[in-house]
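Visitor: Next up is a structure, given as structure tokens.
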Amino acid sequence: MTEVIYMRVNIFYFFFIPWILATLLFRKKNKMILYKITPFATVIATILCVWGDRHHFWVLKPVLKKNQVLTTMPLNLGLYPVFSSIMVYLIMKTKESASSWILVFTCFTTILEFIMKWIGRAAYGNDWNLNKTFISYFIPYYLIHKYSQWFL
């Protein structure tokens, strides 16, 4: 029963809340950013989460006997694409450098994951640590920025 509650919490916080935020931010203008960044960000996030799950680098509650990667799907379909779209929007609309925004979003996402680990909702294995987490967010955010330069 607690697995169902954990998964509902994941879906609420990591899927619904980010998409409500995205709907509010992109409702009138700049929808093209959301439409073009979301698919690419989702693919990158899913590839990374499947890779991490396969090598047992991390686990997010609920712990499932099979298909543990399903617990990260609200993140892959919600939080990561929305954060990526917001990052691209801020890079395009502000005078700050792209590297500054990439660093801000990398740090913010790493801190969110640290909080999840701290409260016991996530765990690391096989010598995974916060430094590797930082790199695992930095590279996708950088790739998404490069993708946005080519296709937006």
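Placed from the backbone N, Cα and C atoms, the Cβ positions cover glycine too.
Note that the structure is a prediction, hence the values are computed from the model and not measured.
So TrEMBL says this about it:
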type	residues	note
TRANSMEM	6-26	transmembrane segment
TRANSMEM	33-53	transmembrane segment
TRANSMEM	73-92	transmembrane segment
TRANSMEM	101-120	transmembrane segment
Visitor: Which stretch from 6-26, 73-92, 101-120 shares the most C-beta pairs under 8 Å with the transmembrane segment (33-53)?
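Guide: Stretch with the highest Cβ contact count: 73-92.
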Visitor: Short question: which residues 6 or more past the ends of the transmembrane segment (73-92) have a Cβ under 8 Å from it?
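Guide: Distant contacts of the transmembrane segment (73-92): 10-11, 13-19, 21-22, 25-26, 30, 33-34, 37-42, 44-46, 49, 60, 98, 101-102, 105, 108-109, 140-141, 144-145, 148, 152.
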